[in-house]
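Visitor: Features from TrEMBL:
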| type | residues | note |
| --- | --- | --- |
| DOMAIN | 173-447 | domain 'ABC transporter' |
| TRANSMEM | 542-566 | transmembrane segment |
| TRANSMEM | 578-597 | transmembrane segment |
| TRANSMEM | 618-640 | transmembrane segment |
| TRANSMEM | 660-679 | transmembrane segment |
| TRANSMEM | 686-707 | transmembrane segment |
| TRANSMEM | 767-794 | transmembrane segment |
| TRANSMEM | 1075-1100 | transmembrane segment |
| TRANSMEM | 1120-1146 | transmembrane segment |
| TRANSMEM | 1158-1180 | transmembrane segment |
| TRANSMEM | 1186-1208 | transmembrane segment |
Amino acid sequence: MAAQLVGPEEIESLRTELAELGRSIRSSFRSHASSFRSISSALSDHQTQEGEEIELQWAAVERLPTFRRITTALFEETDGACENGDASKGKKIVNVAKLGAQERHMFIEKLFKHIEHDNLRLLQKLRKRIDKVGVQLPAVEVRYRNLSVEAECKVVHGSPLPTLWNTAKGILSEFVNPPWSKQEAKISILKDVSGIIKPRRMTLLLGPPGCGKTTLLLALSGKLSHSLKVTGEISYNGYRLEEFVPQKTSAYISQFDMHIPEITVRETIDFSAQCQGIGSRADIMTEVSRREKQARIVPDPDVDAYMKAVSIEGLKSNLQTDYILKILGLDICADTMVGDAMRRGISGGQKKRLTTGEMIVGPTKALFMDEISNGLDSSTTFQIVSCLQHLVHITDATALISLLQPAPETFDLFDDVVLMAEGKIVYHGPRSNICKFFEDCGFRCPERKGVADFLQEVISRKDQAQYWCRTEQPYSYVSVDHFVMKFEECHLGQKLNQMLSKPFDKSESHKSSLSFSKYSLPKWELLKACTRREFLLMKRNSFVYVFKTTQLVIIAAITMTVLLRTRLAVDVLHANDYMGAIFYALLLLVVDGFPELQMTVSRLAIFYKQKELCFYPAWAYVIPATVLKVPLSFLEAIVWTSLTYYVIGFSPEAGRFFRQLLLLFVIHLTSVSMFRLIASICQTMVASTTIGSLFIVTSLMFGGFIIPKSSMPAWLDWGFWLSPLTYGEIGLCVNEFLAPRWQKIVSGNTTIGQQTLEIRGLNYHDYFYWISVGVLIGFTVLFNIGFILALTFLKPPGRSRAIISYDKYHQLQGKIDDSDRVDIYRRLNDGNPIPNTGAKKGRMVLPFEPLAITFQDLQYYVDTPLEMRKRGYAQKKLQLLSDITGTFRPGILTALMGVSGAGKTTLMDVLCGRKTGGNINGEIRIGGYPKEFVNEVLEIIELDGIKDSLVGLPGISGLSPDQRKRLTIAVEFVANPSIIFMDEPTTGLDARAAAILILLKIGGRIIYSGPLGQHSSRVIEYFENVPGVPKIKDNYNPATWILEVTSTSVETGLGVDFGRIYEQSSLYKNNQQDLFIMLGSMYIAVIFFGINNCSTVLPYVATERSVLYREKFAGMYSPWAYSFAQVLVEVPYLFIVAIIYVVIVYPMVGYSMSAYKIFWAFYAMFCTLLCFNYLGMLLVSLTPNIQIASILASSAYIMLILFSGFVVPKPVSFQIIKL
């Protein structure tokens, strides 16, 4: 058609143009090809040059001695100005032991662009390098055969709750009932289970809550409680658990996240890496390096740098930490504090990943992980399990991982599956065969059903029927025992038994597979690691120590105004004020150590966790905690002494000032050490504060001030010499009252100082000062040794012995026969109710008002953590929510999704109005209408079976994690919200019955006050000893004779003053002491009950406070109602305590027995108990945590003691400060 439209000329012209175009294109192609060849040649030359440079650098590394070669590597040299680290400048030779934080970060960022793929690539390169030189990696095969675990359960009559009445009744029955009449039930947790956990294979542990998964993991990792009875055999590579250290060979990762809240995520993993050591990494690296040198192999520089960096022992911060942070997705919160219920920190999912990272950072080859996916989204769980799969498959590790409901893609990552139910193993074999096994049993997994969910339900009586596939046969329930029998009969079960029957050949075990030493580091390195952490914790808690010192300054200022030197003279009268000032200073520094109880107890759970993991021994924990606190004790002593010594007016000699300073320093050290020992023995906050209060009161009573030594019964002398306060009192009193200014003679060649010391029973030589210092140092050493021994040998506080009621036990026995008995212990403690086969009652409909919630442009900011700012984050505020807009409508279940740490919990807290800190911007509109329906909610949430159980503490006692989650949901339900967001004695004095005579002369002056004696013998003897007084005649009336010989005329004739004679007599001094002791008994009672009540209420209120905040925000009740209930509930208990005190102490001390005085004594004690109890509640409500509350409580005790009128008499205190 084109030829018909144009002529021949046009065609020829077109041909010419096409030829020119062709020549142009060919020329262009030739020029481009030449350009490509030149570029390719340039690149080739550059690569050749770079390769030659690397070879030269590597040759330089190879020439180094072995000990330097394994720490020297070729490291990427980058431009620090580039944030992404892409500006490569080549390689440089570095010592990997001295890599800085920024260098480690840049190296990891370069290696990992896509975590899952890049981690696999790194591990493959690492394995290829090791295999290339023929080095074998250590591996562990774990076998267990006929393993059974039993627990003893005590059967009690009535309610099993440990109330005051039930506990008292139980203790009484222990003495009344003979041993053979006690009823105990043996509860089976694991029942004759067997299996093999192989290296290089990922094994999944599945089963419903309470089936024994945790017990199996604990048993295999060697961490099972010794209170349980274990039978059967567990071995690693043919070695029994007794033949090596399983805690170092394996790593058990708990489902409970216990971490120190004051340190960051990075610091937590760094410390774990230090304590776990490097295992066989250094030996493998040395051997690989040696063989590569012999074979002239040049390794990949990045792989070489990584392997060398993670093989260096004793580093404060290791590249392995950065690697773990990266693959677990914790690098974004690496410098954030872990936090706890009262301190902002990382999210729950991040804490779960931190628990995993804390253990896998070490060199252990066997991993036992207990429900590590709790709180994680499915994507994060898949990523973590995928990384673990790479680790297991490539590095020959062994892993048994318990997951509750894994997603299908996560389930497919596993090689083997262990399915448990009722303490028995239903299936143990390849994942690919498990569906076939159940299909052979008559149950088929639907096509779109997750296999993991199918496995959980097919063994459940309630859900099993829906999977029955043999339609030609009627369905009947297939029990767990039947599944177990079918598995043992199939080829997989028979193959497993055959493998177990053949013992493992120990000669095949790598020498580094098992750990035979308890600790990974030398003693000095362990001590350095613990010291660094303790110093870090002291810096993080610096506010506490600054607060204590500031508080001490304030108390010193008040004390100085009360006991001002211008109002005190050097005489017998004011000597008591100086004595009181000395006693008060001692008491202050003793009580100042009391907060150490709370600080020690709060860290015991972490200590016992790390001790069981063999991180460090007790002494490595105690020595830094003791030594680093010495400067603080010195600071407390120097602050008090320098402020009060000369203002109060003690002896002005400089030597005596420094001696008082030294003794106060030592008494503070002794006090802190004593309270640490008490905390380590008692282990719980309540028991520690109770015993600590008792020790304070006992020390006061036997210290020689309140009750002089001369007034104590001889059989109680041991108490005087065992009280640390005694030596402080002796040392300071001798230091003060043997000074030159107190050597004025008053009477009978007795100086003022000696007389003062004699009255108190403290008349010792001046060398007793140094004896007191030595004894107090001995006490300090002894208490710290006791601290070490207690932490070494005492077991951690764990679950109390299982208790069930007699009726419940027999009810269960009646419903379950012995042949197919379900684990009673687990059902009671994990809340798996007995299936109710009867007709179900109609369920209630939760009443609520349908409301919608809308939110627009929602933003949430918090202050940037200090550690992030130190690492270069410039912003003062950290944004956690950014422009969130949305709506939740009634009747529509809305799912909030996001990766762990994305801000899901933060968003729900903001929407619920539960954020007490930070800045919230944006608009939220919401409403609600509460009602009560507690019993129905208990039934709906399946908590009715455990409604009478105590909640307890996580990981220690009470409910399981599953029950706690359901309980949390139930608590929110009963508030009936329209919109629901779902994401813890005084001893009496001897009574006196002798008649007392008080004799006055004209002018109202006492000339005798004391006992009459039989037939007035004591008073007659007293006056007959006065020079010049005639003896009483026989059969003369003693009363008449006394009046005659003490008349004014006789007194004038003899030239004596009976009043002065009485005041200088020992009888007068004894009467003063008796009065002082009587007041002291009242003082001791008030101090003991007051300190004990206030101290013991602190942990209870602090534990309940976090629950109050949650329930208050849920709108369940008003804070006024909660506070009133807390105040009111204490009244009956304290009323009974006051009655018991009056009934026991009042008549034994010998107070007046009139009903009027008894009533007022009861009233005073009752009100005192109430005041101290409510003081403790007030302090907790005003402070951020229990440590600060405890410090404030100790200062409150000190101020109340100062102004109580006993240590400092009323006239002095009221002349200066009238409160």
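A Cβ is built for glycine as well, from the same backbone N, Cα and C atoms used for every other residue.
Whatever TrEMBL says is automated annotation, not expert-curated.
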Visitor: Are the transmembrane segment (767-794) and the transmembrane segment (660-679) near each other by the rule of at least 3 C-beta pairs under 8 angstroms (pairs 6 or more apart)?
Guide: yes
Visitor: Counting Cβ pairs under 8 Å to the transmembrane segment (1158-1180), which of 618-640, 686-707, 1075-1100, 1120-1146, 1186-1208 comes out on top?
Guide: 1075-1100
Visitor: Under 8 angstroms, Cβ to Cβ: which one of 618-640, 686-707, 767-794, 1075-1100, 1120-1146 has the largest number of such pairs with the transmembrane segment (1186-1208)?
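Guide: Result: 1075-1100.
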Visitor: Excluding the flanking five residues on each side, which residues at least 6 beyond the ends of the transmembrane segment (578-597) place their CB within less than 8 Å of a CB in that stretch?
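Guide: Same-chain contacts beyond the ends: 544, 548, 552, 555, 559, 563, 568, 636-637, 640, 644, 648-650, 664, 667-668, 671-672, 674-676, 678-679, 685, 688-689, 692, 696, 699-700, 703, 705, 724-725, 728-729, 732-733, 736-737, 756, 760, 1095, 1187, 1190-1191, 1193-1194, 1197-1198, 1201-1202, 1207-1209.
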Visitor: List, by number or range, the same-chain residues at least 6 past the transmembrane segment (686-707) whose CB is under 8 A from its CB atoms?
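Guide: 579, 583, 586-587, 590-591, 594, 597-598, 600-601, 674-675, 678-679, 716, 719-720, 722-726, 728-730, 760-762, 986-987, 1076-1077, 1080, 1083-1084, 1087-1088, 1091-1092, 1095-1096, 1098-1100.
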Visitor: Can you tell me the mean pLDDT for the domain 'ABC transporter' (173-447)?
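Guide: 87, rounded to a whole number.
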